[in-house]
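To start, the structure under review is shown below, and the notes come after it.
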Amino acid sequence: MLKRKPSNASDKEKHQKPKRSSSFGNFDRFRNNSVSKSDDSIEVHDRELTNGSEEQSKTSSSGGSLGKKVRAISWTMKKKVGKKYIKALSEEKEEESGEEALPYRNSDPMIGTHTEKISLKASDSMDSLYSGQSSSSGITSCSDGTSNRDSFRLDDDSPYSGPFCGRAKVHTDFTPSPYDTDSLKIKKGDIIDIICKTPMGMWTGMLNNKVGNFKFIYVDVILEEEAAPKKIKVPRSRRRENHQTIQEFLERIHLQEYTSTLLLNGYETLDDLKDIKESHLIELNIADPEDRARLLSAAESLLDEETTVEHEKESVPLSSNPDILSASQLEDCPRDSGCYISSENSDNGKEDLESENLSDMVQKIAITESSD
């Protein structure tokens, strides 16, 4: 065993006093002890601070790594959601074209109930996917998007039957983005019924019982030809069988030298010659009385031909009494106090006799000229 060295404190004299190093006695000793104790406490505090800073740095580094992990997970989920939605749209198109869609896998983590929400930051692409349903705080699940498409299908089942403002023919093919559900897929040659025209150039129309938007630059407006108004044929009361010109008519009666005179004074058709009188011929400086007589007789013959044609076309039978004229003829004849006048006593009968005499005279004159 180790032996303890004996202390020499007992060897000192009891009456011997301790030596003072200063005038303050043992004060310096207590001061040195207090200083050493305070130094020790400072060192301990510094150690605690360093340990705390190390722990904080460890916790901060662990928190930063956790934030990176969360961001990586959110980015991965965004990509998965986008791929899933594109796949759903492609399968929907296949169903519309009659092909069978591929079933979803049971292991797909994106298929869930309507209550599942993913607290991720919304991106611009996802905003366009759900057309305003996603917010900055979160994005709805794919099941919500499919329910929205189902509602669109219900709207498509009831086609638009309202008024249209025109039709347009497509001259350029256009296939909208799969995210754009409001635009029409158009092909060259399609006929679109226009519902609304906006000044921005995006029109609304219906194609194959589907209402949607399309740009006016892809179509040509069809101008509907207005139905031509039906021509109302007015029955002419005066119609002749032989359609001749004044020149031919005057050549037939050997008076072609008066063609220019008559044309310059407004006698352009044969109808104008029917009402000509001898005073009119004198005003036209036709001085030869024989020429005037021949022209008047020819005009009267035209009038007689027209009256015979009208009589043939009349469907109203005459009365049993041949002496009494029809009502239409009586309107043209002068009458006194409403009394009917027979054809024997009328002025028309006298004019007919005079016309016959004039025609005989014209024939005699023509015979004499030919004999000469």
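Each residue, glycine too, has its Cβ placed from N, Cα and C.
Small disclaimer: the values here were computed from a predicted structure and weren't measured.
Candidates Ser90, Ser260, Ser328, Ser337 were compared with Swiss-Prot; the annotation phosphoserine appears at Ser90. Checking Tyr130, Tyr160 against Swiss-Prot, you find phosphotyrosine recorded for Tyr160. Between the listed residues Ser22, Ser38, Ser97, Ser315, Swiss-Prot assigns phosphoserine to Ser97, with no corresponding entry for the rest in that record.
Ser97 (phosphoserine) counts 7 other C-beta atoms within 10 Å of its own C-beta, drawing on all protein chains shown.
Taking CA atoms as the reference points, Thr76 (phosphothreonine) and Ser90 (phosphoserine) are 21 Å apart. Helix, strand and coil content of the domain 'SH3' (163-224), in residues and according to DSSP, is 3 helix, 30 strand, 29 coil.
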